[in-house]
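S.K.: Sharing a structure here in structure tokens format.
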């Protein structure tokens, strides 16, 4: 397996361009299953999860051509409703094909998905929505089987504003003639980007003044042409890398308002934050000291759970102590013991992490256990004195395009290798 060797400390300097959002591209790619027409998606990042999705689409009957960030999806054969476990186990987002397949075929059989091992991430909210449409659910040899004789529009109230459930239910509703109302829906930019993509296919979707998603379903949808929104989590990761290393970095081709909460926290912590059209400039505190500012993860527009791990690194090098409360996922502090190996002072108490800043982190051998935790270890390595070796970087490759090249362009000394191939 590949690993990173990073020599620190370094103050990052320069400019970095943000890729298209993985979390937006994935559901939009799944949405191509809603039509037999040609779909063109631009700014698609070249990532492991994206490549897995291409394979899923091909198994289900699509032809996928990908070149230079543009994916062209066309019909190859009749849709298949059954997914292979070998692909589904690699990625939790694979369950997002359920909505389109149920809408098109009235039947789908999907193994329970894989992805990062972050606590309990159930699909029950998705299934409750499908039941409201008239579908029945059963299990068969570890697979979830969802089927219906007829699907009808419905009013659906989500018990939690789940991004995945909102996406799945909305895609399914777009092919159920009549009005579907989704209450307590997720408000993430990735949901809004999917809505934009579905509209190019002819879907009629709106968000009312109460935040409800209103879908006027159609019998068929047409072709799609869409450009994926900038990745707000990659943006936040580079913001935090610049901050933790007390660097001077301009982040380009981003959407600054998607990280408003994070930027406000950095201002409170003493950092220079300058925002322009599609760009963010981060500079170190004028007095050289990072004021500790605690966070609580919440659904958007609150603090993103996907940035909790990178933010913890910032607190590890701050002047003083502060707390992190993780209210979205269970067991999302798996990176903390690895940071402790590097000299961090972190105490975990159920959903809270108490972090006391230390004078300096030290290089160590550590292991990425999930995508965002892996990114946090990269930032910690950039702050640490000496060499840090990060194993299992395949987790990081799931969500960051050319991460080592982007950090190297900012002055990082980062090398990828595979010791088993040497």
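Easy rule for this one: first residue shown is 1, then count along the chain.
Using N, Cα and C of the backbone, Cβ positions are placed for all residues, glycine too.
Small disclaimer: the values here were computed from a predicted structure and weren't measured.
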S.K.: Taking Swiss-Prot at its word that 92, 328 bind UDP-N-acetyl-alpha-D-glucosamine, choose the one of 124, 143, 306 listed for that site.
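M.R.: For the UDP-N-acetyl-alpha-D-glucosamine site that includes 92, 328, Swiss-Prot also lists 306.
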S.K.: Grab the UDP-N-acetyl-alpha-D-glucosamine binding residues from the record (92, 306, 328) and give me their largest CA-CA distance in Å.
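M.R.: Pairwise Cα check on 92, 306, 328 gives a maximum of 16 Å.
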S.K.: Return the count of C-beta atoms lying within 10 angstroms of the C-beta of residue 23 (phosphoenolpyruvate binding site), excluding that atom itself.
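M.R.: Looking across every protein chain shown, the total is 25.
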S.K.: Whole-number Å only: compute the distance from the Cα of residue 22 (phosphoenolpyruvate binding site) to the Cα of residue 92 (UDP-N-acetyl-alpha-D-glucosamine binding site).
M.R.: 13
S.K.: Can you grab the distance from residue 328 (UDP-N-acetyl-alpha-D-glucosamine binding site) over to residue 23 (phosphoenolpyruvate binding site)? Cα atoms, rounded to a whole Å.
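M.R.: Here the two Cα atoms lie 17 Å apart.
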